[in-house]
Structures are given as C-alpha cells and as structure tokens.
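What TrEMBL records for 1-11, 24-36 is compositional bias 'Polar residues'. Positions annotated as region 'Disordered' by TrEMBL: 1-36. Per TrEMBL, the feature transmembrane segment maps to 97-113, 134-156, 168-188, 209-226, 246-266, 368-390, 410-430, 442-461, 467-490, 511-538, 544-566.
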Amino acid sequence: MTLLSEDQSVRPQACRLPEPGKHISTSLHQHTTDYTGSKEDYMDSVDSAVFGAVEPPRRSRGRLILHGLVMFGREFCYAVEAAFVTPVLLSVGLPRSMYSLVWLISPILGFLLQPIIGSASDCCQSTWGRRRPYILALGILMLLGITLFLNGDAVISALVSDRSLKRIWAIVVVMVGVVLFDFAADFIDGPIKAYLFDVCSHQDKERGLHYHALLTGLGGACGYLVGAMDWGHSVLGQLLGSEYQVIYFFSALTWGIFLTVHLFSIPEQPLGKDPSASDPSPPSALRLLGSNGNGYGALAKEPVSPVVPASVPDLRPRSFSALGEANSVTSSAKQPNKEAQKKMTFRSLMKAVINMPSHYRCLCVSHLFGWTAFLCNMLFFTDFMGQIVYKGNPYADHNSTAYATYERGVEVGCWGLCINAVSSALYSYVQRVLLPYIGLKGLYFMGYFVFGMGTSLIGLFPNIIATLVLCSVFGVMSSTLYTIPFNLIAEYQREEEEQIKLRGSNETPRGTGVDCAALTCMVQLAQIIVGAGLGALVNVAGSVIVVVLSASTMSLFGCIFIALFIRYVE
C-alpha cells in the first residue's frame with residue numbers, strides 16, 4: 001500500500017537546527033542517520049545525536065491520517081453527547097431547573113486538574129511513551145462515561161423496581177456518565193496534540209493538524225447523522241432494545257477502533273533520564289524539541305543555537321491550519337522544562353494573565369462572549385427542537401404520543417447540528433477568500449453578527465424548515481471561534497517580535513502558550529456560566545425558547561465589544 005509506505009519522505013533526515021518557521025541546515029547537513037528497519041521506531045538512534053536538535057523524520061500521509069482518526073472518533077462521540085445529554089436527562093426525570101448543572105462539574109474539574117495532568121504527562125517515564133498512557137486512560141474513561149450515559153436508564157430499570165428509587169438512581173448514573181465523558185473528552189485533546197508534536201517534524205505538524213481538523217468535522221457530521229436516524233423501529237433497535245442502545249453501539253465501536261488505530265499509528269520515544277544530570281553532552285532531539293522555549297503549541301519558534309544567524313527570514317507560511325497548533329496548547333505545552341515546571345504555579349499563571357497587554361485581555365473577553373453564546377445554543381438545541389418546534393413533552397410517559405413527538409424533534413435537531421458541522425467546514429474555506437477584503441477583525445465581527453441574527457430568527461419564528469436552514473449559521477460561529485482569535489494572537493505576536501527587532505532589544509517575546517491557554521480557559525469559564533445560569537433562567541421564563549434568545553443576545557453583545565475594543569490588525 002503506497003499510503004502507508006515508509007519511503008524517502010518518512011526516513012530520518014539530517015540533523016538540523018530549528019529556526020522560526022522553516023528549518024535550515026548549515027554545516028550539519030553532512031550528518032545523516034542510518035535507517036534500516038522500515039517498521040522500527042525512528043527514535044532508536046536519536047540519543048546518538050550530539051550536534052544539537054534533531055528534527056523527527058517526515059511522516060507519510062497514511063501515518064498522519066491514522067494518527068488523526070482518533071479525532072474522528074472523539075468528535076463522533078462528542079456529537080452524540082451534545083445531541084442527547086439534555087433529552088436523556090429530562091427523560092429520566094431530572095428537574096428542568098437543574099438540567100444545565102450537569103455541564104458545570106467538568107469545567108470546574110478542568111480548572112483544578114489540568115495543570116496536574118499536563119505536568120504529569122511531561123514527566124511520564126512509561127516504556128510506552130509520555131503521551132499514549134494518558135491517551136489510553138482518558139479514552140477508557142470516555143468509553144465508561146458514554147456507557148453510563150446512554151445505558152444508565154435501561155440498566156437501572158432492569159435492576160430497581162421501586163419507581164421513585166429508580167428515578168433517583170437513573171439520574172445519578174446518567175449524570176456520572178456525562179461528567180466522566182465530558183471530563184475525559186476535554187482533556188484527551190491535549191495529549192493527542194502533544195503526541196503529534198513529539199513525533200512529527202515541523203512541516204508534518206501542519207499536515208497532521210490539517211488532517212485532525214478535517215477528520216474532526218467529518219466525525220461530528222457522522223455523529224449527528226447517526227443521532228438523526230430513527231433507530232427505534234429498525235432491526236437494530238429491536239435487537240439491542242432501544243434507540244439509545246443502537247447509538248451507543250455505533251459510538252463505542254467507532255471510538256474503540258479509532259483509538260486503537262491512533263495508539264499504534266506512530267511510535268513514540270519513551271522519556272529517558274535527563275542527560276544533563278550525568279552527561280555533559282547535548283540532550284537528545286526529543287528533549288530539545290520538547291523543551292523549546294515557546295512550548296509545543298507556540299507559533300513562533302526560537303532558535304536553540306546562537307550559531308544560526310538572526311537575519312534568516314521566517315519562511316513558514318502563515319495559514320489557518322497553523323491555528324490548530326495554537327488552539328491545542330495545554331498545560332504540558334506551557335511548561336517547557338523541569339526548571340520552569342518548578343517555578344510555574346497557579347498563582348504565577350494567573351499573574352501572567354493579569355499582566356497581559358490590554359488587547360490580549362479584550363480578545364479573551366470577546367472569546368468568552370462568543371463561547372457563552374455558542375454553548376447556550378449548542379448544548380440545548382435538540383431539546384429546543386423537541387419542546388418548542390415540535391411541541392413534544394420529555395416528561396411524558398415513554399409510550400405516549402407527546403414523548404414520541406419530542407423524540408422526533410430531537411432527531412430533526414440532530415439533522416440541524418449535522419448541517420452545522422458541514423457548514424463549519426465549508427466556511428473555513430470562505431474565510432480564506434474574505435480575509436484579504438475585510439481582515440481578521442471584519443471576519444471576527446461577521447461571525448458573531450451572523451450567528452446572533454440567525455439565532456434570534458430561530459427563537460422568534462420557530463418553524464421547522466426555517467430552523468434547519470438557519471442551522472448553517474452555527475457553523476459560521478464555530479469556524480470563527482476555532483480560527484480567528486488564535487490568528488489574532490499570532491499576528492499580535494508577530495508585531496511584538498518585529499518591534500523588538502527594530503529596537504535591537506534582547507528581551508524575549510511574550511510566550512504564545514500562556515496567551516492561547518488564557519483563550520482556552522475562556523471556553524471552560526463559558527461552560528461554567530452556562531451551567532450555572534441557564535437552567536435557572538429557563539425555570540424563570542418557563543420555556544426553553546430563552547436558550548436561543550440568550551445565545552443571540554450574548555452574540556450581539558460580542559459584536560459590540562469586538563467593534564469597540566478588538567485591535568485592528570493589518
């Protein structure tokens with residue numbers, strides 16, 4: 001198979017000194033590494049590199065696709081969760097005033113445990129590598145969570161006969177499953193990206209992230225598509241028991257296969273002893289690459305040797321695919337070496353965020369507005385379709401017409417979310433066309449404005465056809481949130497580097513990792529706000545129509561904030 005062939009493009013390359021963007025080799029071009037076993041670990045001879053940093057070998061397209069398939073499985077399961085969490089919780093009897101609190105626990109755990117997990121991943125000395133043990137553990141937690149989430153009601157119904165006791169236990173089991181899945185699915189993205197950065201050359205990171213983004217969109221579309229099918233009256237539905245069991249079967253099968261393929265896609269070098277403690281020779285390639293001053297997720301790469309002339313230009317093209325590298329920054333990327341790990345605490349991290357330049361803080365605030373609006377709509381959209389558009393009742397008996405109508409609305413809502421996933425992928429290409437004409441700030445404003453107007457129309461005129469058509473604006477917002485803010489950070493960083501060069505100063509530019517981490521924290525903060533407030537708001541209003549109206553309001557506030565406070569970039 002030519003797709004997976006270990007040809008010239010995936011053999012170890014000459015030892016090269018990394019520079020900003022494209023790597024250029026000078027006198028080290030003569031040094032090459034012999035590679036005899038086509039299926040052997042490419043890092044077997046890396047410790048013999050004594051001439052500085054050695055870039056990992058080029059990877060074939062097939063290897064990168066196999067590595068990225070885990071994102072297809074993760075997004076497939078994410079789509080199932082987003083579509084069915086609220087309907088499942090309401091169907092087991094969770095009170096309406098509490099149904100948004102399930103989204104509150106996971107982001108709080110994220111704030112507390114993310115630095116610990118990231119630091120532990122950096123220092124893991126497993127013979128299987130640094131990242132894969134954590135990916136496997138989190139993958140098993142995801143599988144356990146989705147098992148409890150989609151099967152909890154059926155299992156409790158089979159084990160408990162008392163009606164009131166059955167309701168309590170069903171709510172507890174389903175909520176535990178949701179929290180476990182959400183926690184693991186949020187955290188697994190960091191080790192996956194760090195794994196990619198560890199084993200790929202600089203050029204292959206771009207290609208790998210492109211495949212990750214492509215497979216993420218396809219996985220989400222397929223997940224929503226499976227949720228949109230009426231499995232209850234199918235042969236599989238009758239065989240497995242219910243529609244939720246069929247969806248669980250597809251989710252568990254997809255995730256299990258693609259996680260296994262991912263773990264065996266590219267060999268990972270175990271973290272050995274620190275050579276600086278006992279050996280004065282330069283450290284190995286992996287450790288030098290891993291301890292780059294800007295971290296794995298940095299867009300700007302610092303040279304590791306003073307031999308490289310400062311006048312060499314940045315030859316790496318700036319593209320939207322590079323934004324995924326910034327987006328995937330985790331705490332493991334924010335802590336470049338052991339000395340920094342000892343110094344970096346939660347307090348020092350908060351101090352760095354507080355001391356951000358004002359335009360970075362404004363970007364964080366606008367990102368918070370955007371994610372709050374987006375999550376208000378996305379997490380409860382299928383419930384909105386079932387209750388408002390189709391006028392069903394999730395609290396009705398499961399064999400009643402009202403409940404069947406609600407389930408039909410949830411299925412159609414999945415079709416709408418599938419339209420969202422497809423439009424998100426398409427809009428990412430439209431952004432490239434519009435960028436030269438309206439700039440980054442114009443794209444940022446337009447994404448929020450289109451989403452705000454679309455959701456307001458859905459809330460005011462909840463018609464089936466109109467709602468499905470307007471679901472395309474969800475994809476516009478999704479693509480905007482995943483690209484534009486990180487592109488703005490990259491441009492801010494570039495401006496600062498140019499100013500430092502013009503001044504002839506030796507000061508170090510701001511770390512991209514901390515800035516991107518601050519943006520990522522806004523996602524968790526938005527989830528906390530939605531989880532804490534939206535359920536109470538729905539209870540006060542007496543209708544879930546307030547969900548899409550809240551999303552529209554937050555988005556339009558974000559438009560105003562972008563117009564007034566986001567700094568324009570040429």
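Note: Cβ is positioned from N, Cα and C throughout, glycine not excepted.
Automatic, uncurated: that is what TrEMBL annotation is.
When each of 209-226, 442-461, 467-490 is scored by its Cβ pairs under 8 Å to the transmembrane segment (544-566), the top-ranked stretch turns out to be 442-461. Contacts between the transmembrane segment (209-226) and the transmembrane segment (410-430): present, as 3 or more C-beta pairs lie under 8 angstroms, all at sequence separation of six or more. The stretches the transmembrane segment (410-430) and the transmembrane segment (168-188) do not meet in space: the count of Cβ pairs below 8 angstroms, excluding pairs fewer than 6 apart in sequence, stays at fewer than three. Beyond the ends of the transmembrane segment (134-156), by six or more residues, the same chain brings 70, 74, 77, 80-81, 84-85, 88, 91-92, 117, 120-121, 124, 166, 169-170, 173-174, 176-185, 187-188, 191-192, 195, 241-242, 244-245, 247-248, 251-252, 255-256, 259, 262-263 to within a C-beta distance below 8 angstroms of the stretch. Cβ atoms under 8 Å from those of the transmembrane segment (442-461) belong to residues 366, 369-370, 373-374, 377, 431, 434-435, 467, 470, 472-474, 476-477, 479-481, 484-485, 488, 545, 548-549, 551-553, 555-556, 558-559, 562-563, 566 of the same chain, restricted to positions at least 6 beyond its ends. Counting only same-chain residues 6+ beyond the ends of the transmembrane segment (246-266), those with a CB under 8 A from a CB of the stretch are 59, 63, 66-70, 72-74, 76-77, 80, 84, 132, 135-136, 139, 142-143, 146-147, 150-151, 192, 195, 199-200, 223, 226-227, 231, 234, 236-237, 240. Counting residues 6+ beyond its ends, the transmembrane segment (467-490) has Cβ neighbours under 8 Å at 299, 318, 320, 322-323, 326-327, 360, 363, 366-367, 370-371, 373-374, 377-378, 385, 389, 412, 415-417, 419-428, 431, 440, 443-444, 446-448, 450-451, 453-455, 457-458, 512, 515-516, 519, 555, 566, 569 in the same chain.
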